[in-house]
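Before any comments, here is the structure.
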Amino acid sequence: MIGDISETKECQRKDPMDLFHSGQVVKICAPMVRYSKLAFRTLVRKYSCDLCYTPMIVAADFVRSAKARDSEFTTNKGDHPLIVQFAAKEAQVLCDAARIVCPFADGIDLNCGCPQRWAISEGYGACLINKPELVKDMVRHVWSQINNPKFSVSIKIRIHEDLKRTVDLCQKAEAAGVSWITVHGRSIEERHQPVHYDAIKIIKQSMSIPIVANGDIKTLKDAENVHHLTEADGIMVARGLLANPAMFAGYEETPFQCIQDWVDIALEHGTPFTCFHHHLMYMMERITSKQEKKVFNVLSSTSAVLDYLNDHYGV
């Protein structure tokens, strides 16, 4: 970690809140396990992404283990504005994690939306939407210990079946000083059901801080529609950006230049082969035939992938 991030300490820090006051809808790359790492953030920033999140990091492990810090968090001077997302259930642990990343990032986000069983059983993620007082306490604690007015503290949530409970949670978080709230418009139980954009709109209308809409946004047109439906201040995208990292720049499908950029960036960052390959599989999903996928998806080395791209696409 230190080798990559030490150079960022002196660079001009950006205030993420300036994005929300710009009058434009803020285009955001979601926290994605394994995927929203430095190399991919570098790629989407080239294609009009305004704000990037790290994958979710378990705060207790991050605070306790230098090994966890080195493997989980890497950044550089171009990687801004950057939000580090933490899974936490204790206010002081979240504060300690925030203090570690504060010199190198522009804010932290508390994950209150992960619906995975392991997270909920550990007291992390979506179970926090049922603990509004704890969320409020955690936000307050971070503010009391981070002496940087430009550093943001946000939360990412799912919604309750009874939306009044979600509005109450959001209002408590706002009272504690949360910078903005990202709302994934599904409940904990919902996975592939339609997103409740109407619920996001109700939350937006109940708050005076920025609200970010998240869920099933796969194209720039989707993003515009969701903004129209919800009046949200920002749009957060996960899988849509995996499939097309140039989405926010208006491309309908991944352009070959973007694939070339990914190859260059991934090699420069020393991206592990599995990650390098998986990203390409996502990016090329819409632009390759079934037969091509059968060949490409079983390639097993970086050199084999590079040869394939060169032979078939001139990349």
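Glycine residues also receive a Cβ, built from the backbone N, Cα and C atoms like all the rest.
Going by TrEMBL, these are the annotated features:
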type: DOMAIN; residues: 29-292; note: domain 'DUS-like FMN-binding'
type: BINDING; residues: P31, M32, V33, Q85, H184, A238, R239; note: FMN binding site
type: ACT_SITE; residues: C114; note: active site, proton donor
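The CA atom of V33 (FMN binding site) is located 11 Å away from the CA atom of C114 (active site, proton donor).
Rounded to the nearest whole angstrom, the C-alpha distance between H184 (FMN binding site) and the residue listed as 'active site, proton donor' is 10.
Taking the Cα atom of each, P31 (FMN binding site) and C114 (active site, proton donor) are about 11 angstrom apart. Every protein chain considered, the tally of other Cβ atoms within 10 Å of the Cβ of H184 (FMN binding site) stands at 26. In sequence order, A30, M32, N214 are the residues of the chain that are 6 or more apart from A238 (FMN binding site) and have a CB within less than 8 Å of its CB. Cα separation, Q85 (FMN binding site) to C114 (active site, proton donor), rounded: 11 Å. Taken together, the residues in the domain 'DUS-like FMN-binding' (29-292) have a mean pLDDT of 97 on the 0 to 100 scale.
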